[in-house]
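The structure under discussion is supplied below as structure tokens; questions concerning it will follow.
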Ligand code: KIV
């Protein structure tokens, strides 16, 4: 009982939204990674990761689909519940899958399920200006939200592939406006995927909330990678921003520790991982 009071005085108290804001203010990089089960959750916690995402990337790396579109809410709840069992310190975010937040009411109902049944502390949704109302509605119900901009894998069939976003001036300006609108609507974190490094830096400087990047350059407040890319388990063509941290190391734990340290020391991402 009163676990939160005991945790406050623990040597490594659990990460919360306030911790992440403080890290941004103090310039300490946020190390984030995906996980999909309790065993890896325990390992990424031991490795010192700050944030864990149960991403809908599980549709590709666990379920073997070509895209994240087939992933259901029940899939994410199942994996989030497993991950929550293995975590103590990292902050747990769960993805809202394709078409589970098409209206305010649907988004609220599903975010509540991710939190109550899965144990998520924050939900992540993909969106630009079109999601402002949804984010505002969730935030008005005290639900912590991460807004995902840039390459939005759930839109793959609409945009015609997994491509770098925000290369043209107008698209870059629009992305900044979207990020600011989502922040004003109550988003607590912004995640930027696959955008030019200069744009990642610019958006990070303009926002008050922490910005976590994947393929968004070295200047975002934190980095996230798919666990299976860090461990080089993913087959096929690798994204430019991914790095095999298992190379030259003899355990998954050492690889995840190396990733965490590389993010903290700003060694990762290097110029070869950026657009
Ligand atoms: O689904 C996922 O794992 C993600 C990350 C790639 C950020 O959204």
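In case you wondered, yes, glycine gets a Cβ from its N, Cα and C as well.
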Let me know which member of 56, 66, 75, 142 TrEMBL also records as binding Mg(2+) at the site of 95, 126.
56
Could you measure between residue 57 (3-methyl-2-oxobutanoate binding site) and residue 193 (active site, proton acceptor) for me? Cα positions, answer in whole angstrom.
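Roughly 13 Å, rounded to the nearest whole number.
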Around the C-beta of residue 56 (3-methyl-2-oxobutanoate binding site), how many further C-beta atoms are within 10 angstroms, looking at every protein chain?
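So the Cβ neighbour count for residue 56 (3-methyl-2-oxobutanoate binding site) comes to 29.
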Specify the count of other C-beta atoms within 10 Å of the C-beta of residue 57 (3-methyl-2-oxobutanoate binding site).
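By my count, 20.
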When you tally the Cβ atoms that lie within 10 Å of each candidate's Cβ, which of the recorded positions (95, 193) has the highest tally?
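Result of the Cβ crowding comparison: 95.
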If you measure residue 56 (3-methyl-2-oxobutanoate binding site) to residue 126 (Mg(2+) binding site) at Cα, how many Å is it?
11
